[in-house]
Amino acid sequence: MAIMITDECINCGACEPECPNTAIYEGGVEWTWGDGTSLDDVDFGDGTVVSGKEKQTPVSDEFYYIVSDKCTECVGFHEEPQCAAVCPVDCCVPDPDNEEEEETLLAKKAWMHGE
C-alpha cells in the first residue's frame, strides 16, 4: 500500500528529503519519473512511453504529495516509511486506494532503481 499525505499537512517539508524514491513533492510542483530513480523512459504497456524527464502534473496544489506509483513504503530501504516516521502531525498514512503486497513493492523498487 502506498503512503499518502492528508490535508492535515502543515507543509513543513520534513518528509520530502527522507524519501528514497523521490516520490514526495511540494504542492504545485511538477514531478518526473526520473527524479531519484534510474528510469529514462516509462513504458505503460499500452503503447504509451513517457520520458523519465517529462514533467507530470502535480497531484496536489496545496499540500506536499506522494506519487503513489513511485512510493514503495520504503520497503527494501528501511523498516518503516520514513515520511511517516518524521512527520510531526502524522499526516503520512497508508493510502487505501493503493494497496500493494511487499513482493510488489520490492519489484517496484527494483524496476525504478535498475536492480
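Just so you know, glycine gets a Cβ as well, placed from its N, Cα and C.
TrEMBL does not curate its annotations; it predicts them automatically.
Listed features, source TrEMBL:
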- 1-29: domain '4Fe-4S ferredoxin-type' (DOMAIN)
- 62-97: domain '4Fe-4S ferredoxin-type' (DOMAIN)
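Counting residues per DSSP class in helix, strand and coil order gives 5 helix, 5 strand, 26 coil for the domain '4Fe-4S ferredoxin-type' (62-97). Across the residues of the domain '4Fe-4S ferredoxin-type' (62-97), the predicted structure has a mean pLDDT of 97. Residue counts of the domain '4Fe-4S ferredoxin-type' (1-29) by helix, strand and coil are 3 helix, 5 strand, 21 coil (DSSP-based).
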